């Protein structure tokens, strides 16, 4: 094979097999076997396919190569301690698990733990207490709701549907995307499946149900869109929770002052709540790690207070409320109150607000730690708290509006008030952080406009701060408090957001059960039948309160849903347009190595979104610039549906075009939890170092292959040895020595066996004149400096498009592209070294 005729070659991970054609030349492609520009035979996945060589007969051979992985963009990931701890955990010791369980109290259970502040006050504002059936029935509904949804659904089932330790709606979506190609952005490559965190296990042929479901999801574009809308809806509800949780929690805590301080009326309550909310959002830029050490102890003290107050009231007032464990009281409650009882369900559902956080915040902890904390601390303390409040209401039915603070023992009001306020702030902090995480995940998967993200901690990669979202949430929270002025109306809105998220998670986990877990069909359908039915009942109850405040989360969710879907829709159309307009290799061959212009020393980094092919933006640069750089690297930053891509598996390299073109491609793959913070000087140095390693590795591979091809010719005339080897192992044995020697040579070691197997040209790659020429050209280009070539794309709908499409693309999508962060800011490239050209994409 002539070295000058190589069009594309690749250095990446995995077991490879090369399909080669004898004659005047050959070429290589992506190791994943995906489509590229030229018509050269592809790299194939390791297998048993037959290789035909013209003139030499049919020879079956497997070339096994395991090159060292070259991580050219280490600096983009920024090494963070314990960054991958949650994805590569060993079995933690019991002590570590208990320590994690303690920490979950401050992060995961703040919202769930503050629900006793307002549940019964909201329930009995709709159902007046006229008999013990009202109290016992409401208590029974609350107890069984907590037992079925947070305990049975989340703790024992949903937590197991994690994405390599990550939870939340986007984690479920990425998990489904890995097992079925349902992502609307067509940039998936088979090589992505070799990322270790993929852990892709294809459905077994015996389970036709899973295969059929996979085929249906991949074939029907309407189902792909519906699945995406479902995920975006759940994410929108969580962001809506980020607005309602601080308002509800803070107002509920501060409302304790209304009966304690004379003259502390509604206006004072609203003003005090707004001041606390302003302070809460103002400190977000410092990061939760600065005050994180107080979270877990404060919430532990809060849960201890809940349990203690509950036991005190239970023993002092009416221990017979334990009768509520009998579910018959639920029936009696609805029989007595009928329509009002149905309306009261909207208040009962508030007892599980924040339950979704157990799954959404899973990435910071472990399944066992969350399970231990809930079953041993949260669950019993909540039960005791509600039992105690019910016992107090049996004696003082008119105190329902302030039942929590009125039931506090004399002399303990101010300590409990302080702890309650702190717990409410912590609960709000958790939902604000969850909103930031959801927005970041949506941005990574192409479903949210690009915004500035600030990483507030070098130790914990999940702690981020998004200024635009923070101030938006703050303004919305203040407006909600000022407009509603009471926790009752906010509670009507709060329930819809919580139930909506739960229904989405139930649907997605059901898909996971059928597609990935391959659960028994009866059990898989039992899950949505039990929990989905219960959630739909709650949803029907809270929807009756749309006119009384329930419209608020629907407005928030609709707004964010439209923003995310329009951004994803426009991004997909733009990517498809780029794929159609990419430059063919035939055209590049016609231009020649000079690319039809002048090549001047320097390295041009052309950022684009294509994972394969030559982007049309290069043609625009060739038309607009009088000269082009001597080395061109197409850089594609791509997000794959995994939480974290290990740094040694992050990048794919290949050569584009013949050697004298000096063009390369690098696809940088990131997970939706990965952190990108880089210094461009370090980035440039790492790029050059890894490119040099790639060139040396490529030369070594070509020399190895040339030697193996020569051995093929010799083996035809020496059939006695070859035939036996072909029968025993398809020619594998004769390849083992040079390939193992290849690894030893990379490590600087050599043996007599390797010397016998490899020719002199392989043993001294540096003496290859073409390699030395290319390395010297790379050095000269490096000394001349780097230039970042970016395209400023204007996306417009075609003239014959529908009116709605024109409105969406030409105005809404264009507005978001114009007013959100541009490519230069997002990719953090130096402004002094940027060259931009404008392009219009007609979609």
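Cβ from N, Cα, C; glycine included.
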Can you check which of 160-180, 181-201, 202-222, 412-432 TrEMBL lists as transmembrane segment? 412-432
From the ranges 24-43, 44-63, 64-83, 264-283, grab the one TrEMBL calls transmembrane segment. 264-283
439-459, 523-543 - the range that TrEMBL marks as transmembrane segment: 523-543
I'd like to know the mean pLDDT over the domain 'K+ potassium transporter C-terminal' (601-841). 72
